[in-house]
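Take this structure, written in structure tokens, and hold onto it; I'll ask about it next.
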Amino acid sequence: MERKSIIWKHIKEHRMSYLFGFALLSIASVLQLVIPTLLGVFTDRLEMAELTYKEALTFALWMVLAGIGIALFRSSSRIFLFRLSRLLDMRIRDELFKHWETLSTHYFKNRRVGDLMSHAISDVSVIREVTQNGIFNTLEAVVLISITVVTMVTSVDPLLTLLTLLPLPLLSVLAYRFKRRIQKESTSVQEAIGDLTSRVQEFVAGIRVVKSFLQEKEQIRLFRQDNGHAVAMNRKLVKSNSLFGALSSAVVGFSFLVSVVLGGIMVLHNRITLGEFVAFNSFLSLLMGPIENLGKVVNTMQRGKASEERLLAILNTRADVADDSNADPSVQTIGGEIEIRNLTFCYPESKEPALRNISLKVPKGTSLAIVGRVGSGKSTLVHLLVRLYNPPKGTVFIDGREISEIPLQVLRGHVGIVPQDQFLFSTTIRDNISFDPKPYRDEEIEQAAKLAQVYDNIVEFPNQFQTALGERGISLSGGQRQRVSIARAIIKKPSILIFDDSLSAVDTETEDRILEGLDTVMENRTTIIIGHRISSVQSADQIVVLEEGELVERGTHESLLEHNGIYADMYHKQLLDEATRQQEQEWEEEAVDGVSDYKEPVQSRQGGEVAAAQDSRAGTKLASGGRAG
Ligand SMILES: Nc1ncnc2c1ncn2[C@@H]1O[C@H](COP(=O)(O)OP(=O)(O)OP(=O)(O)O)[C@@H](O)[C@H]1O
């Protein structure tokens, strides 16, 4: 059900506490009337020269007591009410974070980190401000203004009260006129803060690219531009606020003018006493604070409304990937058989399908390799298997069940994925490997690290598995990060393990060792390997080639080579590259050895020897056949 309010819901839920705070504030407000009243009587007694020292002392004592009472009740009410707003603050942040966790990756792909942070920090603070000073000032204004006006009418003069307060309704006219303007400007300020935060976040995340492309100056220029814009937006808001405050004060000042002139005339005509005149002006002073605060409240409320609307828009965003009504809670585990039937998939904001009419079957415990050019749809296919996006109904089946029938928790709990972006959290290596909700013993973590071929690297660090990683794991090399990600996936012993091009940053020897280690872990489990290097996929039971979203070849390594299509082409090109690289390495070694006739043999070799070397390397690879052999 769509949520309509955050603030009002909170007030309703805590109404008893708000009533209590209101009661404390009301006592403080009543006590505030004591001082002007005493001041009036005191002035009259003084004017009539009837005041004794003892009486003067008694007046002073009562005033001090009233002052202490006001301070006590007012601050207790403030503490009490402010505590409630802190509670709301914490609750919205919790709700926001919890809700974000339910939303799909698609939602986050379309948003900037800066905007999300601006919601979590600035918008939530504005809402707190509404329930903190906004509510406190409103309650105080309502109580104090009503009882003070009644006292002014009954204890001094109704006409003087009426004429003095006559300009005050102008304040509501002002508030109305400034309402839209302040709300609009407040939204612009929050957006500018979002831009600025995004700029800093992007700069930090891309610091290596920035430095290697000498982009520091350009980044400073862009930052200054965003910073300047944020300041300009803030200035605009401050200007409106100040103008509103100044006009409100002018209205209030006009009331004082009426009170002094009219009140003075009334004293001269003996319609009121001097003491009543003094008391009246003190009452008026009492009113001015809350009335001016009311102006600020209107402002705060407008900003609060803008922030509440933005937060509600997030909280009312429905998760596009969630457990369907047909999810079967009796499914507690998955075996690992995958079937894809005529799958055509289009990303929500894209017109062209990323996958077209794909059909394939991966029996439980077997391995599938997916190869294909950049952007051919490999990652999309595996993302659908963990429902990062929803595949169309009737296209993806696991263990013969429609994927939507498997509760998301079960599906994701039993599919381990090593994503292309090996994101690591800024915590220890141990916590990064044992990331699953299930706790793991040290031996299990070490075993996973050994299988992922990263154990030897980790134990070389002074703090070993307790080594803390910086944001995005920057203290590890690309290959080490990939292997920690692999350990994180295999520790789960998932029914389906997916490597999304996650062996690209390791050398072929390490890759072989990882794949060999997996044989034990993945016995009777299903493995999907996406790779650009033939060496990482050639041993799979089944290899498919994707081309512009279509499945264009399928078979084993040998059958695909025989077919002599895209796969065979990729294979031969890679062999050629590898042979050339190896040959170049040998020449470099010879050159380092200081052979005097260095130039001549190199030139002669360029003709025939490279081809010979390539042939022999190709022969070796084919003969060994990698793991498949
Ligand atoms: N979130 C997305 N929204 C819209 N289009 C997307 C999205 N992600 C990928 N695509 C598009 O879908 C197509 C397939 O992308 P995909 O990432 O699956 O390719 P890939 O074969 O895994 O590429 P690579 O080898 O570079 O990882 C591409 O055209 C890509 O631009």
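Using the three backbone atoms N, Cα and C, a Cβ is placed for every residue, glycine included.
So TrEMBL lists the following for this protein:
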- 19-303: domain 'ABC transmembrane type-1' (DOMAIN)
- 20-39: transmembrane segment (TRANSMEM)
- 59-81: transmembrane segment (TRANSMEM)
- 135-153: transmembrane segment (TRANSMEM)
- 159-178: transmembrane segment (TRANSMEM)
- 243-268: transmembrane segment (TRANSMEM)
- 338-573: domain 'ABC transporter' (DOMAIN)
- 581-629: region 'Disordered' (REGION)
What residues elsewhere in the chain lie close to the transmembrane segment (243-268), defined as a C-beta under 8 angstroms and at least 6 residues from its ends?
157, 160, 163-168, 170-171, 174-175, 178, 182, 274, 277, 280-281, 284, 288, 291-292, 295-296, 299
Which one, 59-81, 135-153, 159-178, has the most C-beta pairs under 8 Å toward the transmembrane segment (20-39)?
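It is 59-81 that shares the most Cβ pairs under 8 Å with the transmembrane segment (20-39).
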Calculate the per-residue pLDDT averaged over the domain 'ABC transporter' (338-573) and state the result as an integer.
84
